[in-house]
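The feature NADP(+) binding site is assigned by Swiss-Prot to 48, 54. Taken from Swiss-Prot, the feature FMN binding site covers 125, 126, 127, 238, 239, 278, 293, 294, 295, 296, 297, 319, and the record attributes it to sequence analysis.
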């Protein structure tokens, strides 16, 4: 298999390249009876889209979803849902000079070694353009999770370079192009990115995602762990080089008396586990974080080799994000939502007759960040 499909009971397959005629996905396993219309995809797709601000790629795509199958008279039918988005703003000529060169830090070299051929236009299949369809598929998952279980999945930029939020408000996140939780810092972020763009360099970032309302019991032990599948899904996002669940790598310096999440009849007293213990949800907010590397497409010259093995200097033209993390929150939300829906369907299939167990400990403190 080509590993273009993920999920078990909810299986999502994506297809298409950055500069091809279209990108698309097939969602197999969505229960019937969910109301779904093409216009419902617009909000999240615009949140992910390039061209939202001067701090992202200038490529502007309409990202209009065509529902090809799986929906009849506004309701899902239980059959595969096929979605298609036409590419309309490709500029393939920008990549003519690097068609035979390997851009450092990109998948050019590894795709060439694996397949013996590659599509150099905008990165082809390895482009973040592919994540558009993950976000589209997650529109279905988010709606089903919210209606069926009251689950919400929200993400935000929690670090830009060395800059961290100095405050937090969910309401601030959707009111600025950075998905930043502290509105007072946005002007400083604007100035930082303006200077970075003028320098021709790029920078990394961190994104946090919080899923609230997840019932205790979702997930599986050992090989189907909820945190394991979340980590795999998030690592499948372009440019992600690290994933944390809850306290994550901070756990290495904690004592057991600090890290353990004490329980009372009124709820948990902390959430260092990030809402998952033993691969199974505790009922607390699920907290995951990803680290994204700096964009490797730079207009600054760098050393590389071409397909003949000769040393060359590469300068990448085209339209690129100076920080891919700025558009990553909707993508990270999407992967979390798709994993949660798949796990919910699997839990219902195996354990639907178990019922609600007692005691069911309230989520308690419901910490936003595991470190708070």
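Cβ atoms here come from the backbone N, Cα and C positions, even for glycine.
What Swiss-Prot annotates, mapped onto the structure for a quick look.
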| residue | record | DSSP class |
| --- | --- | --- |
| 48 | NADP(+) binding site | helix |
| 125 | FMN binding site | helix |
| 239 | FMN binding site | coil |
| 293 | FMN binding site | coil |
Those residues of the chain, 6+ apart, with a Cβ under 8 Å from that of residue 239 (FMN binding site): 128, 292, 293, 295, 324, 325, 328
Residue with minimal Cβ packing [other Cβ atoms within 10 Å] among the binding-site residues 125, 293: 293
Residue 48 (NADP(+) binding site) versus residue 297 (FMN binding site) - Cα distance in angstrom: 19
Residue 48 (NADP(+) binding site) and residue 127 (FMN binding site), distance between Cα atoms, whole Å: 14
